[in-house]
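Colleague: Quick one: the structure is below, and I'll ask about it shortly.
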Amino acid sequence: MGAQSLPPAWQLYLKDHRVSTFKNWPFLEGCACTPERMAAAGFIHCPTENEPDLAQCFFCFKELEGWEPDDDPIEEHKKHSSGCAFLSVKKQFEELTLSEFLKLDKERTKNKIAKETNNKQKEFEETAKKVRCAIEQLAALE
């Protein structure tokens, strides 16, 4: 069974798959935050036009940008998301029992739902603020 037959979210448990996301990563050789080390710390590369070095933990979904060549990915991950369960896994993912893996993935899924819920709440609050302003402007016209 190859990695391609795994669901996309589960493919991210494989370090090589995470490494493959680091296209056009600005820090390659002679740096602490190489693609290999970033992937080992759980990060995937998800650049934007304004944030070419944006990396996100596939597990806790913490996003970090503004990397410096001497930044240690594991230490940065611990500093900004110390509760990430990925950081405490002692086995290679290929060595986990099915029960261990599913328990771990349940935590990842909870993190994903929390992140998506938080994003939707922010989006709703921004929309509500715009609507409130529009209503106030209409009321001022009367």
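Using N, Cα and C of the backbone, Cβ positions are placed for all residues, glycine too.
According to Swiss-Prot, the protein carries these features:
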- CYS57, CYS60, HIS77, CYS84: Zn(2+) binding site (BINDING)
- SER20: phosphoserine (MOD_RES)
- LYS23: N6-acetyllysine (MOD_RES)
- THR34: phosphothreonine (MOD_RES)
- THR48: phosphothreonine (MOD_RES)
- LYS90: N6-acetyllysine (MOD_RES)
- LYS110: N6-acetyllysine (MOD_RES)
- LYS112: N6-acetyllysine (MOD_RES)
- LYS115: N6-acetyllysine (MOD_RES)
- THR117: phosphothreonine (MOD_RES)
- LYS129: N6-acetyllysine (MOD_RES)
- 18-88: repeat 'BIR' (REPEAT)
- GLU126: site 'Interaction with FBXL7' (SITE)
Colleague: Please work out the number of neighbouring Cβ atoms within 10 Å of the Cβ of THR34 (phosphothreonine), leaving out its own Cβ.
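Modeller: 18, counting other Cβ atoms within 10 Å of THR34 (phosphothreonine).
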Colleague: Can you tell me how far the Cα of the residue listed as 'phosphoserine' sits from the Cα of CYS57 (Zn(2+) binding site), in Å?
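Modeller: A Cα-Cα distance of 14 Å.
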Colleague: Taking 8 Å from the centroid of the Cβ atoms of CYS57, CYS60, HIS77, CYS84 as the cut-off, which other residues in that chain fall inside it around the Zn(2+) site?
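Modeller: The surrounding set, listed in chain order, is ALA41, GLY42, PHE43, PHE59, PHE61, LYS62, HIS80, SER81, PHE86, LEU87.
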Colleague: Using the structure shown, find which entry in HIS77, LYS90, LYS129 (the recorded positions) has the sparsest Cβ neighbourhood within 10 Å.
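Modeller: Counting other Cβ atoms within 10 Å of each of the recorded positions HIS77, LYS90, LYS129, the minimum falls on LYS90.
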Colleague: Summarise the repeat 'BIR' (18-88) by DSSP state, stating how many residues are helix, strand and coil.
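Modeller: In the repeat 'BIR' (18-88), the DSSP-based counts are 20 helix, 8 strand, 43 coil.
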Colleague: Starting from LYS112 (N6-acetyllysine), work out which of the recorded positions listed here (LYS23, CYS84, LYS90, GLU126) have their Cα within 10 Å, and give them in sequence order.
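Modeller: The recorded positions passing the 10 Å Cα test: none.
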Colleague: In which DSSP state, out of helix, strand and coil, do we find LYS129 (N6-acetyllysine)?
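Modeller: In three-state terms, LYS129 (N6-acetyllysine) counts as helix.
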Colleague: Return only the integer: C-alpha distance in Å from CYS60 (Zn(2+) binding site) to LYS110 (N6-acetyllysine).
Modeller: 9
Colleague: Name the residues of the same chain, 6+ apart in sequence, whose Cβ is under 8 Å from the Cβ of THR117 (phosphothreonine)?
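Modeller: THR117 (phosphothreonine) has no long-range Cβ partners.
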Colleague: Average the per-residue pLDDT over the repeat 'BIR' (18-88) and send me the rounded value.
Modeller: 96
